[in-house]
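Peer 1: Provided herewith is a single structure, encoded as structure tokens, for subsequent inquiry.
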Amino acid sequence: MIKHQFKLSDPRLLSRIGYQFKQLELLQLALTHRSVSHKYNYERLEFLGDSLLGMIIANYLYHAYPNENEGRLTRMRATLVRQEALGKIATDLQLSRCLILSTGELKSGGHHRESILADTVEAIIGAIYLDSGDLNLLKDIVLKWYIPYLDHIEPTDQLKDPKSRLQEYLQARKKPLPVYEVVDIQGDAPHQHFKVECVVDGLPKIYGEGSSRRFAEQAAAAEILKLLEQ
């Protein structure tokens, strides 16, 4: 049950977010993982925040890049709203210390799991919108979070997803394509957590995790690319 006398474990979170909640229980809900409660958790707020974030970023890109076509704008948006980008936002906001997790989830490292942190960012976006009812205010807050990343986004082919980039990298060097295999699935559908192994000739096995097989494969491919680009 959501507490009406909720106290943040880190009061400075509000300052980092850049918004003072009138209904603090909405922020509490946005920070609460389903391992704590199947009914009172961030998943509905995440659903709302995901749509709002996509709209905010799409609107920004539409006006910032008037000469780019739909395909490139789509890739740019995907780069800015994917799990990896949201994980960086979560790190900037220092969300890991504020998550409300079950004891088991906490012990398993859930407070550092990128998928949980990314979901929480989207849930906070949904919570701010419901609390303020002000889309323009929400847009300003979200774009402030993205300031360190917007200046570095470019409409190039590098904005392809990690799996596509890894495949092109290997094909260009006439090397075998990567092999992906699911090695672990936790939870029940539709709230599962996947762990995927990625094997590339000449490199150690790399693992990626995510809320779907696709996200886990992308995470693994991103780690392989980091190794190859060193």
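Even glycines carry a Cβ here, placed using N, Cα and C.
What you see is a predicted model, and the numbers here were worked out from it, not measured in a lab.
Grabbed the feature section from Swiss-Prot, which reads as follows:
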DOMAIN    10-133  domain 'RNase III'
BINDING   Glu46, Asp119, Glu122  Mg(2+) binding site
ACT_SITE  Asp50  active site
ACT_SITE  Glu122  active site
DOMAIN    161-230  domain 'DRBM'
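Context for these features, please: burial, neighbours, distances.
Peer 2: For the domain 'RNase III' (10-133), the model gives a mean pLDDT of 91.
Here Asp119 (Mg(2+) binding site) comes close to Tyr42, Glu43, Glu46, Ser211: these same-chain residues lie at least six apart in sequence, with C-beta atoms under 8 angstroms from its C-beta.
DSSP classifies Asp50 (active site) as helix under the three-state reduction.
In sequence order, Leu45, Glu46, Gly49, Asp50, Leu53, Leu86 are the residues of the chain that are 6 or more apart from Glu122 (Mg(2+) binding site) and have a CB within less than 8 Å of its CB.
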Peer 1: Residue counts in helix (H, G, I), strand (E, B) and coil for the domain 'DRBM' (161-230), per DSSP?
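Peer 2: With helix first, then strand, then coil, the domain 'DRBM' (161-230) has 27 helix, 20 strand, 23 coil.
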Peer 1: Give me the sequence-ordered set of same-chain residues, not including Glu46, Asp119, Glu122, with a C-beta within 8 angstroms of the centroid of the Mg(2+) site's C-beta atoms.
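Peer 2: For the Mg(2+) site the neighbour list reads Tyr42, Glu43, Leu45, Phe47, Gly49, Asp50, Ala118, Thr120, Val121, Ala123, Gly126.
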Peer 1: Which residue counts does DSSP yield for the domain 'RNase III' (10-133) in the helix, strand and coil classes, in that order?
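Peer 2: Once the DSSP states are binned, the domain 'RNase III' (10-133) shows 88 helix, 2 strand, 34 coil.
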